[in-house]
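Student: Before anything else, here's the structure in question.
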């Protein structure tokens, strides 16, 4: 009789819930075997669910693949709402039908997983571009226009010219066909990839600013108006990276 360890190793090779080998081990009365079967089936179902989710997030891309459009750039931004720091946009071109496990809207992914998924995107992407507009630009032209500028810069920094743009809730003044998608980071893998790249990039910038301007907890709050950040403003005042057109900074001038 095979040991539980040996059976576990065999179960790991099964990837189909309809595989006939399940029946062979289902009759094994050992608790360890039954536990291993349940766990393996759970893992397979989880993988199937993830595959289905990723497939659903390729709907917009697949419509373009049918038209032989393969160089599709997903574009997203991070940092519209914070009181401090830049707005950062990313443009990402993934290979056709590329599925990166657990890729989703950055807001739906635990922060501890951001770096791993970010690295997977960099490893698999055909091209990645970043655009950054600082707080001065945001104050000069407003956050909406600064976001557009950051997105256009991100596209211009791609090493490959895209054939089509999938953009999260924006239309850009660029001579490239584009599709505006509401909640794009939750509905397109290309845009989700851009959201992760933008998020990790901006978090690193804000972490560096935390060292330069201690007392505001920028590495924790990324410039958003948390209690700790607002207390820092009251205690230490405004830094050069604060957005002077945003309240409560505007009223502190």
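Just so you know, glycine gets a Cβ as well, placed from its N, Cα and C.
Quick caveat, the model's predicted, so the values are computed rather than measured.
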Student: 76, 77 show up in Swiss-Prot as binding divalent metal cation; which entry in 140, 153, 168 does that record put in the same site?
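Tutor: According to Swiss-Prot, the candidate sharing the divalent metal cation site with 76, 77 is 168.
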Student: Taking the Cβ of each of the binding-site residues and counting other Cβ atoms inside 10 Å, which one has the highest number: 76, 77?
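Tutor: Answer returned by the neighbour count: 76.
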Student: Identify, in sequence order, the residues in the chain of residue 168 (divalent metal cation binding site) that are 6 or more apart from it along the sequence and have a CB within less than 8 Å of its CB; answer 'none' if there are none.
Tutor: 75, 76, 77, 181, 183, 184, 185, 191, 194, 195
Student: Starting from the Cβ centroid of 76, 77, 168, which together make up the recorded divalent metal cation site, report each further residue of the same chain whose Cβ lies within 8 Å of that point, ordered by sequence.
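Tutor: Filtered neighbour residues, in order: 75, 78, 89, 90, 151, 167, 169, 170, 184, 185, 191, 194, 195, 198.
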